[in-house]
Amino acid sequence: MWQRLFAAATLLAVSQAAKTTVQLARRGSNLDPIAARSRMNIAYFGVIEMGTPAQNFTVCYDTGSADLWVPSAQCNDIACTTHMQYDPASSSSSLLNDTRQGVPGFEIAYGSGAVIGYIVNDTVQIGDLTIVNQTFGAALRATSDFAQSSCDGLLGLAFPQIANEVGGNPPFWNMVNNKQLDVNQFSVWLNPNETALNAGEVVFGGINANRYSGTLNMLNATPHTYWQSNLGGISAGGSNVSTNLTKAVFDTGTSIIVMNSPAAASVNAKIPGATYNAKASVYTFSNCSLANKPNVTFTLGGQNYSLAPSGYVLQQTSSSNQTSCYSAFTPAAGLNTTVILGVPFLRSYFTTYIYNGTVCNPPQGVLTNTGCTGQAQIGIAPATMANGGSPALGPAAAAASGRGNVGAPADAPSPATTVLNG
């Protein structure tokens, strides 16, 4: 098992009362002991502690899934042995939820990669918040996709209604039920400077108002599955793009912007130079020039949110230092009327996720919405740079930056990429 020297706790989590901040890393972080992997990593991840005494892990904080898992000490796959591995025998607070330790008790398939393992309950600490008897998965097998990612495991932040593999309540929802938070809310800021070591942060129990400009536009989030809202439309260069898309999912675990094939074709048809590569299932560019490319705009809650070419022309550097560029707007099967707004969108726009209820539990039996009856909302505003500046947004972003009548609150598919199944 890899031994990792973790930075001082003050660098990883800053807490006030029932509010805590987890700092996120991306490329070049010394939290990943494999320097070559760290240089190529595109996933956003932060520290989590499990067990008594604490075993340290890094997890990708993922708003597009709801299960929590880390590699098990019993896993011999390269995706496990190149990461930290959870050992229940070393934790005095560990309780086997699935008595078949060593025999698969859950299986999760993502857009890229899959894991299987057994289910365990143990103490989990996120920042300065401790959750006793948290349910999570300990992976016995993991596909090699995950060996390429710096994070040891994944921590899902979506609703418990889709935590249908590991089961139990995801960590955020246990915080809600345990009344551990000042506000039943978490917020995500991804640094618009994608090369910065300070890659972003997740705030549990509140918001960091220094991470956005203007006023938050509040969107209703329904149903209680993914963090999703209604999509008003898409335009490029001021011209409407005809698609059947009506829903938008906000997903920190997806490294691209994903939609059905006809919609992706329509969007990319508006971008000069975008050519479909059937083998890779992406739209590529012959060069990385941003000239003559339009802003692409999403209408959400009556406001327009634009991505400049610098936001959607993604650059990829190979191990041999060869650079190529491709479009963030990527086709995928099974999405129907939903677009997944992944990292390229979320680097430009700060988001906060609010649950206006007191209890949210996983459903019993078939998938229902009966477990979470409170209203959910998503707040969105232009993100600020780490030094307080603003990223390069399209002209429509100015209209969405809070100067209108908006509400206020009381790289290619990667191992960390998640794609909705349906």
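Here, residue 1 is simply the first one shown, and the rest follow in order.
Backbone N, Cα and C atoms are what each Cβ position is placed from, and that goes for glycine too.
Listed in TrEMBL for this protein:
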type: ACT_SITE; residues: Asp62; note: active site
type: ACT_SITE; residues: Asp251; note: active site
type: DISULFID; residues: Cys75-Cys80; note: disulfide bond
type: DOMAIN; residues: 44-367; note: domain 'Peptidase A1'
type: REGION; residues: 403-422; note: region 'Disordered'
type: SIGNAL; residues: 1-17; note: signal peptide
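Cβ neighbour density within 10 Å is lowest for Asp62 among the active-site residues Asp62, Asp251. Model confidence over the domain 'Peptidase A1' (44-367) is summarised by a mean pLDDT of 92. Asp62 (active site) sits 7 Å from Asp251 (active site), taking the C-alpha atoms as the reference points.
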